[in-house]
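To start, the structure itself, in structure tokens.
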Amino acid sequence: MNRLTMIFLSLVIAVAVIGYFVGIGDGVPQPDGYYESSLVDAELSRTPADDAKLIPAISYAEIADTPMGPTKSWQTMPQALPDADYDLYTQIEPSEADKEASSKLRASRRAFNGAPPVIPHPVENTTDAACYACHSGGVKMAGMKPSVMSHQFLGNCVQCHAPMAPAPFQDVDADVATNFVGLPAPKQGERAYQGAPPTIPHSQWMRENCNACHGGPNGWAGMESTHPWRTNCTQCHAPSATLDQMPDAELFTPQDVPMLPSLDVVEN
Amino acid sequence: MMDTKRRNFLKSAAMAAAGSMVAGNMSLPVVQADQGVSDLPDGDGLSWNKAPCRFCGTGCHVQVGVEDGRVVAIAGDKAADVNKGLLCVKGYHVGGILYGKDRLTQPLLRKDGRLTEIEWDEAIEIIAKRIFDSPETFAFYGSGQWTIPEGYAAQKFMKGGLSNNHIDPNARLCMASAVTGFLATYGVDEPAGCYQDLDECDVLILWGNNPAEMHPVLFSRVTDRRSRGETVRIIDIGTRRTRTTDAANDYLEMKPHGDVAISLGIMHLLIENDNYDKSFVEKHCNFRGDEADTPTLSGEPISEDEFRKRIAKYTPERVEELSGVPADEIRMLADLFADRDIRITSLWCMGMNQHTMGTAINSLVHGVHLLSGHFGRPGDAPTSLTGQPSACGTVREVGTLSHALPGGRVIANPEHREQCEGFWNVRDGSINEVPGYHTVEMFERFTKPTAEGGDITTMLVQVTNPGQTLPNLNALFNDKKGLEDKFLIVSDVYPTATTALADLILPAAMWVEKNGMFGNSERRTQQWFKMVDPPGEARDDCWMTIAIARKLFEMGHEGMKDKDGDFIFAVKDDDGQEIPIWEFDRYYDTNVDKHLFEEYRLFTRMKHKNLAPYEEYVKARGLRWPVVEQEDGSWRETRFRFSGFDDPFVEEGQEFDFYHSTSNDGRAQIWFHEYQPPPEVPDDEYPMWLCTGRVLEHWHTGTMTRRLAPLNRAMPTAYVEMHLEDAKAANIRQGEVVTIESRRGVCDLPVWIDGRGRPPRGTVFVPFFDESKLINNVTLEAYDPFSKQPDYKKCAVRVVKKSAAKVSS
Amino acid sequence: MPISGLVVTFQSSVAEHADSIDQIADLPEVEVGESAGSKLAIVVDSATKRRDQEIWNAVYQLPGVIDLAVAMVAFDEDAETKP
């Protein structure tokens, strides 16, 4: 009798244990992608061995016996103070190839020149603050460099900038068959003569912050100004009235600008 | 698995990117360059011209960049008051809609089940012959994307020419309840306020509305005020969380039909607390309720006491029960409305219109604003938004509905019919006195065999896609298949779910391939000129109507002649010679739009919707009617209707005047309607609510936006939004394809758990843009009794896992 | 399932590194594209991120390779990687 009870109870316990492991195992749905974000993903897949900068944690018990802080040999070495992140007075001379690569990357993100660029990554958090965190002044992080906003802060970023497909639908075929040919990017502004400052070859609307692309620590490679210390851009580079939708720009060609009548000077 | 096509594409793109860095190729890339285009744009000879955007009812103006006869760039129009230089993702890419590779370029006739190219002459003759043989079984189905002249021509052709009232637009599925709401309340259609209300309101209440995605330019107008340091309280009343909720201060989650209870609850509290605007109500309002036997739009007058008595039961607690919104939140709303020092604007669109109590809820929200006096001051407005670029201009003003006539007139009124016959110079009694079939009925009768009472045999569809947008498609559209004596003619720009069943397909010109005029949500009439040629044999919809009419005229149809025996669409040159505009190569010898518009303009004065001459619209970025000529000969638009300080038709010295009042006393009506439950409620068999709608990137059925790379890449498929817990309970994973089933049909969709919108437990949401996943096979065709607008926002469904085996593997 | 377009830069002209290029070409996931000067374009289409990383490491360590740059990666990996 006692023996039977024992067997019965062991069976119950065994079933319960198996049930528990089955329960936490495959049967429980774990919706994919919900807690996923590209950042978390990258973080989780990283192992200490891959990255020399990651030092494995030690247990509390080992702390007292573990030497920490800079090593002796490091302390004796002369250390250079870090340079400022960005030196306004460094001369930048992008090569033709740099300019080319830069233009190509830029063009690949637009349906035509003047279109707001698409967002080259999926958008998982819809608040503007999330966009602004990286794109306000720009940052450099893990080899990535988010573009700097070229315009004043506007709410609802995805109103104008189309993101990549949401995470669950990234593999859906999104090809479209189109004959649309967009306006290409301008190669350069016009120069009145050799050596004259070129005009601005694009509209200034939504591109008020020249530094977003042409300067600053987070500008576009290959598009930086060669003279970043000069900060009043439109002093020398003239915008285009037509591209900026100035009223009736075409009416004011030089011959149409009304001139004052010649002065009526009394002759003796 | 990623499919092979996409992998190959990615690989070639990767190779191109790597190769370009290796080779140092110096030519700049042209985006989406097509080998077929010999003359690539280079920015030389680029010219810019204005046009309203082709998409929603906001009515943004764009600047269209044209080079060598092709649209190559788009910019927000800085001179436009609506959008002030900004656009949304759809607007910025609107130029690409002309250039999908599968544009229809030749008329196609189905012969023995196969589509064969035919010439236009033959196509027009086939249509004219079918109409001539049986004019009363012909129906014309159009849309709020018809330009004003197109809609006007269709209207005149049908009602004036064929004496046939079976003309209805897709706006029946979209705006009809807003119209009946305005008519019941003010006696005249369309919002009294304008977008300036958005700049001046202190509180913005969104009734089942997601403008952050659907009217983003307008929503940003409000949120950008916050960025500038102003305080605007945004209150989102909805059935699921959306991007709009992210920006809202308060989110009130309601059950379907909860909006009716909420508005009744607010009015109840205003009366109960005795803090409604007594002077406004006393001077400018009447109370109204449904007639006991057969309710109509005019209802019957009730006393304030009676109103008080009827609304007494809608206590905050009772409203909480009906709507799911906590009683305290109802009190919060009522307190806001009781505060006359703040300005409150309400916005709504499909949430309140696609509603079996659509007319009621529209009237009730107007009532909340009237009772509280939050009306007619800038920032104090009940404002209904539209989803199509000319739902207001073409449908509501031109009256392309089965019961309406131009300029706010109705068929039921003999005087109105007589006036129209007069303007059109057609013989007396030309206009049939029986209203035609509204959309649902029209398609029911078209898809039913003739022998069983299906008395519509030929249908012409222009600028819309009913094969995807009608509710319960299996009952209203798909049944057409196999009916030999039914003939479906579809004019469109791309193959659609509708052309799939068409017997004759007509290739249409679109947007800046033709002249046009639109009317947006704030009474703004807009004009644009043709800028590029349509591809192949594609032609203007307006021309099609005129060419068919001309063919009928030549066949001897009496209705196509006016009283003087002239063709009803006759256009004469300066020497009095008729210009043969029915020949397409002569169509642009004159500006047909201008002729039609100037004729239509005469109709607009009765309801004080006065329009300016065509030339004024050429100069402006749209003008809001009534547009009235000033003493100095200039034309002045109206921002705030019925308000003495702005509306020229309000008598001097009056603060407000509802001069089209249904009670003929200058007063607006505050309605009482009893709460009614939705027509279909989840039960054991179908336990979930289904709501349908749109997403930011795609517009309506995606015919245009699905052909734009940046938009389709951003949202490549329709999906079903589900709550995490619902998904867990059904063992459904992110991205898994499930079947949505209702009593009417099924649709397979991938699941997006807590996706862009986040429905509560027990609700799923599906956008309808995807032509490969037709959710309207599932929706319900129950409609509002007054507006006949179906309810796409709620029906009962179940979510079925496609295969249980798939998950365990 | 990453797909990436990479640019391999050699110490000297590509022609002088036939051995290394053969080794690259032998990898089943790699497709070799055009070359000019000291640069060679390749496309890696591998089953997992880990495999992608292994190939990257392998190519990086081949004799004569002084740099490996990303020209493009499939969308989910895409970011503003500076070439």
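From the backbone N, Cα and C atoms, a Cβ is placed for every residue, glycine too.
All annotation found in TrEMBL is predicted automatically rather than curated by experts.
Just one of B:CYS88, B:CYS174 is listed by TrEMBL for the same [4Fe-4S] cluster site as B:CYS53, B:CYS56, B:CYS60, and that one is B:CYS88. In sequence order, B:CYS60, B:PRO216, B:VAL217, B:LEU696 make up the list of same-chain residues 6 or more apart from B:CYS88 ([4Fe-4S] cluster binding site) whose Cβ falls under 8 Å from its Cβ. Listed in sequence order, the residues of the same chain lying 6 or more apart from B:CYS56 ([4Fe-4S] cluster binding site) and placing their CB within less than 8 Å of its CB are B:LYS90, B:MET214, B:HIS215, B:THR386, B:GLY387, B:GLN388, B:PRO389, B:TRP699.
Taking the mean position of the Cβ atoms of B:CYS53, B:CYS56, B:CYS60, B:CYS88 as the [4Fe-4S] cluster site, the remaining residues of that chain whose Cβ falls within 8 Å of it are B:PHE55, B:THR58, B:GLY59, B:ASN83, B:LEU87, B:LYS90, B:GLY91, B:VAL94, B:PRO216, B:VAL217. Taking DSSP states H, G and I as helix and E and B as strand, the domain '4Fe-4S Mo/W bis-MGD-type' (B:46-102) has 10 helix, 21 strand, 26 coil. In sequence order, the binding-site residues near chain A (CB to CB under 8 A) are B:LEU696, out of B:ASN465, B:LEU696, B:TRP699. Just so you know, the Cβ of B:CYS53 ([4Fe-4S] cluster binding site) picks up 29 other Cβ atoms within 10 Å once every protein chain is counted. If you draw a 10 Å sphere around the CB of B:TRP699 (Mo-bis(molybdopterin guanine dinucleotide) binding site), it holds 26 other CB atoms from the protein chains shown.
The two recorded residues, B:LYS514 (Mo-bis(molybdopterin guanine dinucleotide) binding site) and B:CYS53 ([4Fe-4S] cluster binding site), show a Cα separation of 14 Å.
B:PHE768 (substrate binding site) sits 21 Å from B:CYS53 ([4Fe-4S] cluster binding site), taking the C-alpha atoms as the reference points. With respect to their backbone Cα atoms, B:ASN465 (Mo-bis(molybdopterin guanine dinucleotide) binding site) and B:CYS53 ([4Fe-4S] cluster binding site) stand 19 Å from each other. Between the binding-site residues B:CYS60, B:CYS174, B:LEU696, B:CYS60 has the most other Cβ atoms inside 10 Å of its own Cβ, all protein chains included.
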